[in-house]
Amino acid sequence: MGAIRVGIIMGSQSDWPTIREAAEILDTLGIEYEAKIVSAHRTPDRLWDYGKAAVERGLHVIIAGAGGAAHLPGMMASKTRIPVIGVPVQTKALSGVDSLYSIVQMPKGYPVATMAIGAAGAANAGLMAAGILALHDADLAARLDTWRHDLSASIPQEPRDA
Ligand code: RP5
């Protein structure tokens, strides 16, 4: 078991079914991670403590998922220079457009790499984290290349009737 380099945080337990998609990608690629509930609104002190300690704890990437007034990724980006990948969780009220707008429109100086709304965005957050780590990890780079090749090879040339 290596050091944990990816932190996955989410605003609520209710985000986990979506954000788990990122975790599953990391599992598939053999990347260690931790997963925590850290809410910008309900547990602001937990958010602050997590961001403050992230560098010294050795994290390299943070995946932050939240829905609605989704301030978690942006607030985390304000607290640490570690790259933050934001995942807008799909909401019942506004289908996740609220989450997307809350995460994507950061002011100059504090970027959040914002993914698509929902499960695809969460999976892509896992892949984006893997790509960042693979820059300095040749074994992981090879596993990621294989994963990408396998996905490409699984796509049929022609459609078939259901
Ligand atoms: C946000 O509020 C969370 O990220 C979640 O997406 C949303 C709803 O949270 P719950 O009311 O389901 O706990 O902070």
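Every residue number used here counts from 1 along the chain in the order it is shown.
Glycine is treated like the rest: Cβ placed from N, Cα and C.
Note: TrEMBL annotation is automatic and uncurated.
Counted within 10 Å of its Cβ, the other Cβ atoms near Ser12 (substrate binding site) come to 18, all protein chains included. Under the DSSP three-state reduction, Ser12 (substrate binding site) is assigned to coil, being neither helix nor strand. Under the heading substrate binding site, TrEMBL lists Ser12, Asp15, Arg42.
Marked as domain 'PurE' by TrEMBL: 4-155.
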Distance in Å spanning the most remote Cα pair of Ser12, Asp15, Arg42, given for substrate: 14
Residues within 8 Å of the Ser12, Asp15, Arg42 Cβ centre (excluding the substrate site residues themselves): Met10, Gly11, Gln13, Ser14, Ile37, Ser39, Ala66, Gly67
Candidates near ligand 1 among the binding-site residues Ser12, Asp15, Arg42, judged by a Cβ under 6 angstroms: Ser12, Asp15
Tertiary neighbours of Arg42 (substrate binding site) (same chain, Cβ under 8 Å, six or more apart): Gly11, Ser12
